[in-house]
Amino acid sequence: MLICKNIEVDFDGFKAVNGVDLTLDRGEVHFLIGPNGAGKTTLVDAVTGLAKYSGSVVKDGEELRGKKVHHIARKGIGRTFQTATVFEDLTVAQNLDIAAGAGRSPWALLRRRKHLPANVVETMDRIGLGKEADTPAGILAHGQKQWLEIGMLLVGDADVLLLDEPIAGMGHEERDTTGRLLHDIAADRAVAVVEHDMDFMRAFADRVTVLHAGAVLASGSVDEVSGDPRVQAVYLGTATDEKEPADAATA
Amino acid sequence: MRNFFATRLGTWTGFAAAALVLFGLAPLVLSGFRLGLLAQFTCYAIVAVGIGLAWGRGGMLTLGQGVFFGMGAYLMAMHLKMADAEFRNGPGAVPDFMELAGIRELPAYWAPFSSPVFTIAAILVLPTAFAVVLGLAVFKRRVKGAYFAILSQALAGAFAILLIGQQSLGGFNGLSRFRYFFGYNLDDPVNQQMLYFIAAGVLLVVVAIALQLRRSRYGELLVAVRDAEERVRFLGYDAANIKVVAYATAALFASVAGAIFVPVVGIISPASIGIVPSIMFILGVAIGGRASLVGPVVGALAVAWAQTALSEQFPSAWTYAQGLLFILVIALLPGGIASVAALTKRFQRTPAPVEAAA
């Protein structure tokens with residue numbers, strides 16, 4: 001449902017992404033892995049309109065290149081960031097209500113919210129924050145913030161979700177919960193996950209694309225990719241389950 | 001207490017109490033002169049409500065509200081001068097200060113301001129429209145933070161310099177000596193009191209508008225833009241438009257305040273709208289508490305009152321006191337006076353769980 005062809009992102013002569021083809025399908029949790037600097041996050045930036053690129057990104061037959069960030073978001077492409085970005089001063093319910101309301105008329109915006117939209121209430125339960133409706137997002141646990149951010153994409157009716165390290169800084173239990181949540185929401189959506197955690201990838205990936213130095217090194221099922229000697233050479237052989245030190249710094 | 005004022009009853013109680021003080025108590029206990037001062041301070045408070053919205057809720061440090069305050073003030077002053085001249089010398093007459101400056105012919109852009117309706121419409125529309133155009137140009141390019149603050153301050157400085165050069169607007173001396181306000185003699189104490197009531201009434205209206213904006217979904221969205229603009233954009237909103245609404249609303253409030261300021265004080269000059277007055281507006285809001293609803297009003301009134309009181313007693317000391325106050329608030333009380341209540345509450349709350357456990 002999202003087809004990226006020959007994406008190139010050029011930072012002053014340095015090609016951070018160099019001719020990547022990527023297809024995301026409904027019903028799949030698609031992991032993007034690769035060593036640091038492989039271009040994973042830059043690729044997400046390009047698709048969501050943050051980074052300029054050449055090539056083409058087509059969703060449901062519509063070219064997205066050149067559109068503004070908020071226009072691309074309204075086409076149903078949602079993303080999260082490496083550090084969970086929620087509105088810390090607002091409550092969980094308010095966060096979700098804002099995320100659900102990108103299409104509201106000015107008149108609706110200028111009035112008080114009478115009651116929460118049904119999809120907000122439903123999503124709060126789905127992401128395990130049903131009891132936290134009135135909790136300020138700033139005091140949520142780290143993992144809960146990540147879930148809230150995913151929930152914000154769900155209520156906004158995004159059907160292509162690009163998640164940048166959604167389990168960074170989570171404990172084991174939270175990881176499993178997140179993995180199950182990803183599969184649950186992927187039932188009628190395309191979900192792409194940028195991740196370093198190999199165990200998590202093996203447990204929850206339907207499909208894996210390995211990026212290296214801005215290009216696709218291999219793509220396929222977990223077994224296919226793990227068995228690929230080139231992948232082992234550049235990635236799986238060197239970095240194992242260790243998480244990046246940078247994650248700890250940003251978390 | 002906070003929860004009570006969040007309810008509908010609490011809101012009405014708050015407004016009723018404020019109205020009682022402004023319309024009942026103040027005229028009763030204050031002399032005509034003091035009431036005039038309060039009217040002037042109320043004008044600053046109206047500006048402050050707008051800054052509280054744009055800066056406190058929207059994160060836009062509007063260091064140049066003097067521009068919009070000045071626009072409203074000069075538009076009103078032009079009408080008052082025209083009306084005075086026409087009252088003395090018939091239609092098309094040249095205002096007195098122009099005669100002194102040797103201007104015999106009325107400049108074309110003055111002519112429409114003989115109409116009160118046109119003037120009021122201009123006060124409401126022109127500064128707001130200017131803020132929309134400026135805001136779109138600035139926010140669409142994602143200019144924010146310190147860059148936006150410097151830009152708005154430079155604008156206030158440039159506007160004041162521009163006015164100094166305009167002889168047909170009184171130049172450095174500005175416009176003064178107004179006799180009538182829509183037909184009411186400004187020397188009459190009853191009419192002066194009426195001006196105070198207008199200022200107080202407008203203040204209540206402006207606070208009510210700000211309250212509605214804060215409690216609406218738009219208000220939540222504005223806070224979201226303030227705290228994580230990029231996130232809002234990735235949710236499908238055009239963040240620039242959201243900011244423009246708050247910025248233009250603040251401009252409108254400042255313009256209306258300027259328009260009331262003119263008949264109350266009796267003079268408007270570039271010195272009242274440049275960089276220094278613009279910083280004074282910010283100062284009151286910072287001291288009162290920028291993110292709260294009532295904080296900016298209290299802060300603006302308190303700072304203006306302190307300035308008058310202190311400079312009556314110690315003419316040279318006020319500037320230092322003002323600087324000290326600013327530093328103390330920023331260092332010790334970043335949330336302003338309005339955060340004191342929340343702070344004491346926090347101190348009281350700390351031992352509470354222990355008691356509950358015991």
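Using the three backbone atoms N, Cα and C, a Cβ is placed for every residue, glycine included.
Whatever TrEMBL says is automated annotation, not expert-curated.
The feature transmembrane segment is assigned by TrEMBL to B:12-30, B:36-55, B:62-80, B:117-139, B:146-165, B:194-213, B:234-254, B:260-286, B:293-311, B:323-343.
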Contact check, the transmembrane segment (B:146-165) vs the transmembrane segment (B:260-286), 3+ Cβ pairs under 8 Å, seq sep 6+: yes
Long-range environment of the transmembrane segment (B:36-55) - Cβ separation under 8 angstroms, sequence gap at least 6: 22, 26, 30, 61-62, 65, 69, 192, 195-196, 199-200, 202-203, 206-207, 210, 213-214, 222, 246-247, 249-254, 256-258, 260-261, 264-265, 280-282, 284-285, 288, 290-293, 295-297, 299-301, 303-305, 308
Outside the transmembrane segment (B:234-254), six or more residues from its ends: residues with CB under 8 Å to it: 46-47, 49-51, 53-54, 57-58, 60, 62, 65, 68-69, 72, 124, 127-128, 130-132, 135-136, 139-140, 142, 206, 209, 213, 218, 221-222, 225, 281
